[in-house]
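Per TrEMBL, these features apply:
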COMPBIAS  346-361  compositional bias 'Pro residues'
DOMAIN    1-333  domain 'Major facilitator superfamily (MFS) profile'
REGION    340-361  region 'Disordered'
TRANSMEM  18-36  transmembrane segment
TRANSMEM  42-62  transmembrane segment
TRANSMEM  74-95  transmembrane segment
TRANSMEM  107-125  transmembrane segment
TRANSMEM  153-170  transmembrane segment
TRANSMEM  190-210  transmembrane segment
TRANSMEM  217-235  transmembrane segment
TRANSMEM  241-263  transmembrane segment
TRANSMEM  275-297  transmembrane segment
TRANSMEM  309-334  transmembrane segment
Amino acid sequence: VAGPLGSALSTRFGARPVAMVGGFLSGLGLFLGAFATHITHLYLSVGLLAGLGWALVFTPSLGTVGRYFPTRRALATGLVVSGASISGLALGPLVPLLLDTYGWRGALLLLAAISFNLVAAGALLRPLPVPCESQGTPRDRPGLARLLRHGPFLRYALAFVLVDAGYYVPFVHGAARAHEVGCDEHRAGLVMAAMAAVDGGGRVAAGWLAARPAAPILCHLFTWAVLTGLALLLLPLGTSFGGLLALAVAYGFCAGALVPLQFAGVAEVVGAGQLVHAIGLMQMFESFGSLLGAPFAGWLKDTTGNYTISFLAAGAFLLAGSLLILTLPGFFCISQGAGGKEGSPAPAPDGPEALPIPPEP
């Protein structure tokens, strides 16, 4: 929900200081959570403070990448967001080990130490100006308000509210589904690990394919959204360990492919000049779909007695979101990388070296 705040602050003060502050807040939230004596303390520290910090890191960082590589935005974004898959694979076995060795308080302290490294990572950001966009001018302030009246962007955001309502269901309920079909704890963990591993590969592969000029990014995005929805609809057919593992791998790859194209597609809809604002608003809108989807799937399981309807409903959400992408302007046009609509700037040469680097403060 704090995505728009991250975009507004990074427009006003620059991506580097905002990301550094966000890294500090995320580490501080985990650190304070280690001393909690009531669940409310965890809501405020790990939930509110650390969550705010991550929002202040994510939005400026991703917006900066989009500005560096206007003609290879999808590939650059795919490489960047694949880091989440790598950390997910590392933390999967690490967190249980920390819990067993140091308890939950010690585990939170060590995770806080890891998160404080975001301060150093944020310091390495080198934001570049987008052509025709001047930082700090009064017209920056109503940027979010303009997007709220931007019809194509609102349809794009609604598409991903629907997509996210189904997207996280296998990641949240996948292990329980594996137990439902007779898998033990080890095999259920293997299903989830395999899905997370191929997720990173899907992110890089989709970014690389979208860099080819044969089809617009929105067309790539629509294709992967449909494939992800179909893979989710097929998950109930996995009634054995082998079948569920194969379907989970297919879903993980397709789901990973959606991530870089989603953020690269924002620039196709609103233009590079409003990219940071648009990413922040996208995060806020998506949070509602992602927060509602997994509990709704759990309610369906409690009502029906199994996860079949849960996964079918989640797949239907994904397919409904993909249909909205078809309504966006420029869907059938060849992508130009920056792909601005409604007066967005023309695409700039590719690579950081092609744009002027502002002097260090």
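Cβ atoms are placed via backbone N, Cα and C, with glycine included.
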For the transmembrane segment (153-170), which stretch among 18-36, 107-125, 241-263, 275-297 has the most Cβ pairs under 8 A?
275-297
Which of 42-62, 74-95, 107-125, 190-210, 275-297 shares the most C-beta pairs under 8 angstroms with the transmembrane segment (18-36)?
42-62
Can you work out the mean pLDDT of the predicted model over the domain 'Major facilitator superfamily (MFS) profile' (1-333)?
88
Establish whether the number of Cβ pairs under 8 Å between the transmembrane segment (107-125) and the transmembrane segment (241-263) reaches at least three, counting only pairs separated by 6 or more residues.
no
Against which stretches of its own chain does the transmembrane segment (74-95) lie, if we need a Cβ under 8 Å and a gap of at least six residues from its ends?
61-62, 65-66, 68, 107, 111, 189, 192-193, 196-197, 199-201, 203-208, 210-211, 217, 220, 256, 259-261, 263-264
Cβ under 8 Å to the transmembrane segment (241-263), counting only same-chain residues 6 or more beyond its ends: which ones?
62, 66, 74-75, 77-78, 80-82, 85, 160, 163, 167, 170, 174, 177-178, 181-183, 187, 190-192, 194-203, 205-207, 210, 217, 220-221, 224-225, 227-228, 231-232, 234-235, 279, 282
